[in-house]
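Peer 1: Below you'll find the structure I mean.
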Amino acid sequence: MLVELFLLFMMIGTVSFGGGYAMIPIIETEVISRGWLSTAQLTDIIAVAGMSPGPIATNAATFVGFYVAGVPGALVSTVAMTLPSFLIILIIVSFFYRFNQNKVVKSAFYGIRPIITSLILFAAIRFGISNNVFSISVHWHELSLLLIFCCSLTILLWTRTHPVLVIIGAGVIGVFLY
């Protein structure tokens, strides 16, 4: 199991670009398809990983590894997730100053931006659907989840409120509503 965790998170850490939130759909697909976690369990892990200090994808890998194989799994998953970035950045730094003004390189980076945004949005929509935040039903439960989502998004987009405070606020509302 440790080898499988290492190879999975090494692959995710190697092929995923755009930061932690862009990695979430890949982690979701791989972990759920292997039967290691349910969608609900992974959603809880992502929520805790997002509230924890550090990069969300690394935190998620650590939590998944712990869930699957205890402390050794957490350690293996964390190292596997971070090692590719560390090695790739070492290589990039050595070449960056030579090629950072190259038109092809600048164009490639510019072209990658939209897919990163779409990966993050994709992850949010998938988690919203799996947790009944986005639903066609008219039950108060689903409507209240959608209202919490809309209010949280509005606060994050138009105020300087720290995301952790928004998360805590949503949790407090959840305690009273559910």
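Please read every residue number as a count from 1 along the shown chain.
Note: Cβ is positioned from N, Cα and C throughout, glycine not excepted.
Take a look at what TrEMBL says about it:
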| type | residues | note |
| --- | --- | --- |
| TRANSMEM | 6-24 | transmembrane segment |
| TRANSMEM | 74-97 | transmembrane segment |
| TRANSMEM | 109-129 | transmembrane segment |
| TRANSMEM | 144-177 | transmembrane segment |
Peer 1: Six or more residues beyond either end and a Cβ under 8 Å away: which residues meet both conditions relative to the transmembrane segment (6-24)?
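Peer 2: The answer is 30-31, 34, 46, 55-61, 65, 76-77, 79-85, 88, 112, 115-116, 119-120, 123, 127.
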Peer 1: Excluding the flanking five residues on each side, which residues at least 6 beyond the ends of the transmembrane segment (74-97) place their CB within less than 8 Å of a CB in that stretch?
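Peer 2: Residues 2, 5-10, 12-14, 57-58, 61-66 contact the transmembrane segment (74-97) from elsewhere in the chain.
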